[in-house]
Amino acid sequence: MAASTNSFLIGNQTQIPSLKPKSISQSFIHFTKPNTINLTTRTKSVSIRCASASTTVGSEQRVINFAAGPAALPENVLLKAQSDLYNWRGSGMSVMEMSHRGKEFLSIIQKAESDLRQLLEIPSEYSVLFLQGGATTQFAALPLNLCKSDDSVDYIVTGSWGDKAFKEAKKYCNPKVIWSGKSEKYTKVPTFDGLEQSSDAKYLHICANETIHGVEFKDYPLVENPDGVLIADMSSNFCSKPVDVSKFGVIYAGAQKNVGPSGVTIVIIRKDLIGNARDITPVMLDYKIHDENSSLYNTPPCFGIYMCGLVFDDLLEQGGLKEVEKKNQRKAELLYNAIDESRGFFRCPVEKSVRSLMNVPFTLEKSELEAEFIKEAAKEKMVQLKGHRSVGGMRASIYNAMPLAGVEKLVAFMKDFQARHA
């Protein structure tokens, strides 16, 4: 990368120089020691020039983070946020200091929505809401907004998150589990032809990708009730591939796995479904309130929305979700092949046709070696590989921000570990 220059104003205290990414579209920026640093005093500018050199995975100070969420963010996005942190675009303030009703933040949230609409090709008949409370809060918001206390709703439970959504809905309506994978330890997705849907169900709810168990819907069921809608929790595969939004009444997702930091929940809802909340619905769970106020009814998670906007911009510059999906398929194929070709040393319990592109759970034939595997991987700067406490084993979350080189390093380590312990 050619040397770049970043100038900003500082106060009496010297500031740590920031690194300006060369392009928001590049996933990893690698750098060497700055060759020019001129620190000055108040009202004078500071000029920082950074030379960079290419390396394999990323800067040597950073680990390869396989966390399920909060998860890794694109390094170039982090560096862009760093360069804007002190003085966003000459505004004289950080995004964290802005009024959420000021013109600066309005431009941020409006661009974030516009870019997300472009990424997912969201029809104009849908509203986009930037909310708080995580996807878990939506487990209650959905029945409160879409049905009455005695209304029927259907749930397909393919993992822990689908199960939690169903249990929360029991407080507010009459939900029914029409299929559960619990008896087979959540390793499958049902065939849709055999589903016995309730004829009067207001909605059919699925979790499109189960983060813990690594099960992903590759297609989506049709709702038999002509007045019902399909609802999907897409927290852990949101913006990982193209989705036909028109098939759904509501799509919701916590941002912290694939498109931003924790603290932001995105809801995409068909407009005709808004405005039917029950009287008991808390104001913060009423979709109409948030829609009428453009997600600004109360103070939103401003910095989190800003970060999501940077991620959306990055995904667009990569060529959109079709290109992103190709990259994700390549990473997942590499890792699953390593597991399947290990002659049973590594094992993935999930049925091959529904294996997640995002979350790859696996175990060792010799379970007593799993702790050693995680320990040795950490020494190689590959972290957060321990499986969820409810299932054990290992789990590699390889979201959009995970570079191919990170998966390649994990696969090389797996093969070396097998050679030493088989």
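Each residue's number is its place along the chain shown, starting with 1.
Just so it is clear, glycine is given a Cβ too, placed from its N, Cα and C backbone atoms.
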From Ala51, Ala232, Ala338, the annotation N-acetylalanine in Swiss-Prot is attached to Ala51
Per the record, pyridoxal 5'-phosphate is bound by Ala135, Thr136, Trp161, Thr211, Asp233, Gln256, Asn298, Thr299: how many Å separate the farthest pair of Cα atoms?
-> 30
Per 10 Å Cβ neighbour count, which of the recorded positions Arg101, Lys257 ranks highest?
-> Lys257
If you count Cβ atoms within 10 Å of the Cβ of Thr136 (pyridoxal 5'-phosphate binding site), leaving out that atom itself, what do you get?
-> 16
What is the total of other Cβ atoms whose distance to the Cβ of Thr299 (pyridoxal 5'-phosphate binding site) is within 10 Å?
-> 10
Per DSSP (three-state), Asp233 (pyridoxal 5'-phosphate binding site) is strand
Residue among binding-site residues Thr211, Gln256, Asn298 with least C-beta crowding, 10 angstrom cut-off = Asn298
